[in-house]
Amino acid sequence: MESTESYAAGSPEELAKRSPEPHDSSEADSAEKPTHIRFLVSNAAAGSVIGKGGSTITEFQAKSGARIQLSRNQEFFPGTTDRIIMISGSIKEVVNGLELILDKLHSELHAEDGNEVEPRRRIRLVVPNSSCGGIIGKGGATIKSFIEESKAGIKISPLDNTFYGLSDRLVTLSGTFEEQMRAIDLILAKLTEDDHYSQNVHSPYSYAAGYNSVNYAPNGSGGKYQNHKEEASTTVTIGVADEHIGLVLGRGGRNIMEITQMTGARIKISDRGDFMSGTTDRKVSITGPQRAIQQAETMIKQKVDSATERTTD
């Protein structure tokens, strides 16, 4: 899964007039319904959004009224080197928060390339697999109508079964700022109709319980970020048969990287010949909160057991 930085922008005047006011009471109620949106940014871009001491993200929350969370440094969406930003609030607050973030990222990128013509860019939304059917619609009718109305390119990735526990798909939007934001309006309105989606507001990594997100309080916090309470970190060492260490590592370290990313635990494997006392099992040391250790231990066992079962069949 390739990693792409995706930015877009618009002038303050465009941002103010782009989103139409609700026409009736039902639309007004929908606009106030709690919702959220998640999207990917590079690690460097995440730092720009946070700002010094959390000043930028605190300002964005105060202006938009939305809550903005990020996955931690080096905690990426599986298969990428991108972090997740989640914005939650009413539809209006979420859209306003997203516009502020994308406008800042694009203005910085635009200053670097010096291009006078606004390029077509990409933004990748993170959407639960269970909610993608509503975006696609029967026979693809809904997504086709969204493409026609917004003029943006919209592509939904297949569910990647390579990564254990991953239940999200990427919805890639390509186009100008106006095209992307119109597509986001349409998609977010459709997602908010799904009660399961609206209730699923936990953290940027709702499927990876081992991760802690970083939160920034919008007012009265002096711009300092607040972390979820962290559990005490411990180390547990387990034994894995020498011939099965390759299953834990994976090709090019893929498996151990996946386990580390999905659980938040740190994993260290002993050198060849360095065995658990009285065995030929290599030492696998797992460090982190108890819950992360348990998850990592389970995933390691599954990697080994799946290969053992194939061998005995």
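Cβ coordinates come from backbone N, Cα and C, glycine included.
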Of the residues Ser19, Ser203, the one that Swiss-Prot lists under phosphoserine: Ser19
Per-region confidence, the domain 'KH 1' (34-102) (mean pLDDT, whole number): 90
